[in-house]
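Trainee: My questions all concern the structure below.
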């Protein structure tokens, strides 16, 4: 008898928790999304820093994989990509499906979550909303940065390290992460 994965995980969690002798009650609720978060085609302002960091992470991961496959080391011995290669890699990065990202509520604040966005200890149980408008918003955000900075500048920043790439895309006086967004937004 084969059980579907969610049911298998539920039984596994119950078996683990039940084996400790004490009954532990866990509960989680999905974040409540406002109309902008549900329906707007753009990335909501309070999630732009997380989106930028996700884009920087994905660009770095894809460029690192491409360099590992490259067979042309530069003068320092590391793999340097040709302009056409890194341009193609960055374009494919932005065109990916972004399905591993979604919105989660952490400490009563909505955050974009996914690879490269972990900040401290994860809650013991949580619900993340994926799919919907989030993959398209992340793709549009990625292409926005390609247009704003260009592939050459992005690749040069990547070659100097992840922190430099993230600072280029997300930092600066007008960058998405330049100021802390208040946890509670005023309703109009």
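The backbone N, Cα and C atoms fix where each Cβ goes, glycine too.
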Trainee: Would you mind telling me which of 181-184, 185-188 Swiss-Prot tags as motif 'Prevents secretion from ER'?
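Mentor: Here Swiss-Prot associates motif 'Prevents secretion from ER' with the stretch 185-188.
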Trainee: Taking only C-alpha atoms and a 10 A limit, tell me which of 49, 94, 142, 177 are near residue 170 (disulfide bond). These are the disulfide-bonded residues.
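Mentor: Within 10 Å of residue 170 (disulfide bond): 49, 177.
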Trainee: Could you measure between residue 52 (disulfide bond) and residue 94 (disulfide bond) for me? Cα positions, answer in whole angstrom.
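Mentor: Residue 52 (disulfide bond) to residue 94 (disulfide bond), Cα-Cα distance: 12 Å.
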Trainee: Mind checking which of 94, 142, 177 has the fewest other CB atoms within 10 A of its CB? They're the disulfide-bonded residues.
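Mentor: If we count Cβ atoms within 10 Å for the disulfide-bonded residues 94, 142, 177, the smallest count is at 177.
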